[in-house]
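Student: If you scroll down you'll find the structure; I have some questions about it.
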Amino acid sequence: MDHAEENEILAATQRYYVDRPIFSHPVLQERLHKKDKVPDSFGDKLKQAFICTPKKIRNIIYMFLPITKWLPAYKFKEYVLGDLVSGISTGVLQLPQGLAFAMLAAVPPVFGLYSSFYPVIMYCFLGTSRHISIGPFAVISLMIGAVAVRLVPDDIVIPGGVNATNGTEARDALRVKVAMSVTLLSGIIQSTVAVLQNVKNLNVCSLGVGLMVFGLLLGGKEFNERFKEKLPAPIPLEFFAVVMGTGISAGFNLQESYNVDVVGTLPLGLLPPANPDTSLFHLVYVDAIAIAIVGFSVTISMAKTLANKHGYQVDGNQELIALGLCNSIGSLFQTFSISCSLSRSLVQEGTGGKTQLAGCLASLMILLVILATGFLFESLPQAVLSAIVIVNLKGMFMQFSDLPFFWRTSKIELTIWLTTFVSSLFLGLDYGLITAVIIALLTVIYRTQSPSYKVLGQLPDTDVYIDIDAFEEVKEIPGIKIFQINAPIYYANSDLYSSALKRKTGVNPAHIMGARRKAMRKYAKEVGNANMANATVVKVDAAVDGEDGTKPEEEEDEIKFPPVVTKSTFPEELQRFMPPGDNIHTIILDFTQVNFIDSVGVKTLAGIVKEYGDVGIYVYLAGCSAQVVNDLTQNRFFENPALKKLLFHSIHDAVLGSQVREALAEQEASAPPPQEDSEPNATPEA
């Protein structure tokens, strides 16, 4: 037996005992004393907002320029080798992906290089994640390409176009403008929130080249995955494919001999800044919103995953600012929208990258290609880039394997998956995303409208209460029903909650009232007095509804909520006419999993208290959070102060409170009546 098992056995055999009062809400509040909080005056707040101290200035600089915090603390001897290896490895992968993803964005390949350089440099200054690789990302590139092709189709008539070549160049220039506009707008959206294509290769030779590269890349990726523990770094297959494809294409002159489409001219040097065409904003704002959301979601998810793995924090708001500025400023240099690349991030992290400097080094490799060696890749067949794109989308295609898992675990998540896929396939990525978000929100509403309801019982001799349908050892406490919901109570599910309470507990006030009326009539029939039956029924109804037969909440609109409980005047001699059943005296509503209750829910709760109170059943609330108590208070649930006595700190407090109340009631009922004084004129017996 190992040490862990011994500890488990020891813990299971230990006992703990608690000696404290039963904590109803009033009793607990008497024990607690709120801290005195003196709110700052408006002048003090204004002074604090505008006062400048070295610490405040330093924190502001750290917030907006994280590099000023991590770079001075850079451990050169410890980090530099890992960052250097990681930067080279990531840069080798970023080059072919930048070229390939530019095709998805429907812009010339060189713009993929620009998008792999400018934003990465800016992220090094602005980002808080040490391991993610910023740059072109397949899904974002597809979304950009969809907009570009929609607004500038292949068959568009270009004014002044002399020949096919000039027409293609003019078309590409227009698509670059569209990409710049979408990128600028998505960046503005991301920054604002923080502060407040098809590949067509029909040539047989191109198809052969593409299939060959695809097979090599696919097999190589499987090799990298299988032996990732033994390899010091993943083999840069995409880079080798680009080098080999360029060499073969140039050596055999595939473009002229076999009419193979190649990358073409890669102009050396950086382009001067240009103003994006803001007149296109009204045509692309929907796409920009979708790109902004997807880009940030992918980035922050990967950043948090790697941050948790390595034990540091990322600032989601700063990441949004960083992405927004990378896109907004990058668009001035004719880049398209960027995000976190999953594959490159894993390479950057897996090859020993320690800081954002690794990404910066990778971007410098791209700068070298832009300034000096870009012409070497002009003979690269586009089929090679197509194969790189398809292989990098393998992860997306593999998500089909998730369908059986979702079928077994969550039909709702399966519905979201299928809806997102179908809508994206037929409506496009932008409208598909919007449709998916709407469906996801509807499923949230559906889940809150269809929560799980449970009746709880006690694990004997403990303060543990569990679902009675789940375990044989759990027993219900005589006279008490404990009802649990695992969702908030609000306008969409409040009626369902009331109905489920009556159905699951089997205690329905209307049925109890009807059974009592039938018992009255049976008793009256037995004694042969029909008039007595009618009178008795009226008496009971009046006693339940109020002394004068009116409902309390209707009396001059003054009493909004009823008394805690109305003691029934139902005679004990009529109990034999009632159908057999549990004599329930208390309903406990477990609110430990209720995080809020709105005004409609409060009214429903008040109705439940009144309904059960009318038939002599107390309704207790257990485990209410401070937020729920605040909701009840603001919605005037405690207008009758006696209702505060219904709140208990825990289920066990409520159970004990109910048992004490019933014991006192029995003691009071069994006490002999007080002796009446004899009449003064009475004659004593002899």
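Keep in mind that glycine also has a Cβ here, set from the backbone N, Cα and C atoms.
For reference, TrEMBL lists these features for the protein:
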type: TRANSMEM; residues: 99-121; note: transmembrane segment
type: TRANSMEM; residues: 133-153; note: transmembrane segment
type: TRANSMEM; residues: 174-195; note: transmembrane segment
type: TRANSMEM; residues: 201-219; note: transmembrane segment
type: TRANSMEM; residues: 280-300; note: transmembrane segment
type: TRANSMEM; residues: 320-344; note: transmembrane segment
type: TRANSMEM; residues: 356-377; note: transmembrane segment
type: TRANSMEM; residues: 384-401; note: transmembrane segment
type: TRANSMEM; residues: 421-446; note: transmembrane segment
type: DOMAIN; residues: 470-658; note: domain 'STAS'
type: REGION; residues: 662-686; note: region 'Disordered'
Student: With contact taken as 3 or more Cβ pairs under 8 angstroms (pairs 6 or more apart in sequence), are the transmembrane segment (99-121) and the transmembrane segment (320-344) in contact?
Tutor: yes
Student: Count the CB pairs under 8 A between the transmembrane segment (421-446) and each of 174-195, 280-300, 384-401, then give me the winner.
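Tutor: Per the Cβ count, the answer is 280-300.
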Student: Using Cβ atoms and a strict cutoff of less than 8 Å, what residues sit near the transmembrane segment (280-300) while being 6 or more residues removed from its termini?
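Tutor: Distal contacts: 129, 132, 134, 137, 139-140, 143-144, 146-147, 151, 177-178, 181-182, 185-187, 189-190, 193, 314, 316, 319-320, 323, 327, 337-340, 342, 429-431, 433-434.
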Student: State the non-local partners of the transmembrane segment (384-401) in its own chain: residues 6+ outside its ends, Cβ under 8 Å from one of its Cβ atoms.
Tutor: 96-97, 99-101, 103-104, 109, 138-139, 199, 201, 209-211, 213-214, 217-218, 221, 238, 241-242, 245, 263, 342-343, 417
Student: Across the domain 'STAS' (470-658), what does the mean pLDDT come to, as a whole number?
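Tutor: Summarising the domain 'STAS' (470-658) by its mean pLDDT gives 78.
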